[in-house]
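The following features are taken from TrEMBL:
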ACT_SITE  GLU21  active site
DOMAIN    107-307  domain 'ATP-grasp'
ACT_SITE  SER149  active site
BINDING   ASP260, GLU274  Mg(2+) 1 binding site
BINDING   GLU274, ASN276  Mg(2+) 2 binding site
ACT_SITE  SER285  active site
Amino acid sequence: MATEAKAYGKVGVLFGGRSAEREVSIMSGTGVAKALQSKGIDAHLFDTGERSLAELAAEKFDRVFIALHGRYGEDGSLQGALELLGIPYTGSGVMASAVGMDKITTKIVWLAAGLPTPRYAVLNAQSDLAAVCADLGLPLIVKPPHEGSTIGITKVNEAGALKAAYDVAAALDDAVLAEEFITGREFTVAVLGAGAAARALPVVEIVAPQGNYDYQNKYFSDDTQYFCPAQLPAELTAEMQRIAVEAYRALGCEGWGRVDVLLRERDQKPYLLEVNTSPGMTGHSLVPMAARALGISYEDLCVEILASARLKMKG
């Protein structure tokens, strides 16, 4: 491993950042850096929220592991800067990162590819909210399309509550996504690789207290239960993995990612919710959990992701 470790050169683990998910990113980045160092890799933490791109260039990293979540780290902007700086990086490229970060554009791509995703409407200050409720039905899920970790999301049970939910999401985004609520079980499918080589890891089922998988339960609670591999019939597991990989490929994702899926209770049909192109790598995170179910340690997972780092633009 010593020879392999040297081959990676000086590695920057980009973490922290300036998004609403900074706290989670700090946990992810710290874990990744320790894992890489335990394998003999010359890994260094670099907080993009406190240090500049000029400093990043001056550090002369041979490659970087992006452990940032949310805006400015997962949305294509950092990926574009790294392309300009000529620093190979993990995860998806500029376009896939930008599209994956935008839940509205993601749904447009998935629908064009014939993939199942809940019906939706895009809201702005002039939207006829009563008409939206009539079209999509109640309850509704209202969310800012560019935030992750359930930030700014509201479940709307009655039409009169839609305006307040819109205001919460609109404080974070110009456009707001309203989505039909699907009653069912929640799952996530981690995907590694790119293109034809992309592969799904075991499916994880998420069972949160009172069905509320919010920011607190996602990262800081021990009450949320995870079942991996999920207890599903083999054919349903295969179908969920298939559409997750297709969803990942449709957006042009690479490296690693996570696709969230709802299994509708009444007909056992899976629906794609969203993709995460820079998933959490904390002790509570689901990609490492799925990898462990295949016998892949956290440390080996981090090295595999690092090994995929590259510049995506040609010429």
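The backbone N, Cα and C atoms fix where each Cβ goes, and this holds for glycine too.
Of all the recorded positions given, namely GLU21, ASN276, SER285, those whose Cα is no farther than the 10 Å limit from the Cα of ASP260 (Mg(2+) 1 binding site) are ASN276.
In the three-state DSSP classification, ASN276 (Mg(2+) 2 binding site) falls within a strand. For the domain 'ATP-grasp' (107-307), the model gives a mean pLDDT of 93.
With respect to Cβ neighbours within 10 Å, the recorded positions GLU21, ASP260, GLU274 differ, and ASP260 shows the lowest count. Sequence-distant neighbours of SER285 (active site) (same chain, 6+ residues apart, CB-CB distance under 8 A): SER28, PRO279. Rounded to a whole number, the C-alpha distance linking GLU274 (Mg(2+) 1 binding site) with GLU21 (active site) is 17 angstrom.
Following the DSSP three-state reduction, the secondary structure of SER285 (active site) is coil.
Mapped onto three states, the DSSP output places GLU21 (active site) in coil. Here the C-alpha separation of GLU21 (active site) and ASN276 (Mg(2+) 2 binding site) works out to 13 Å.
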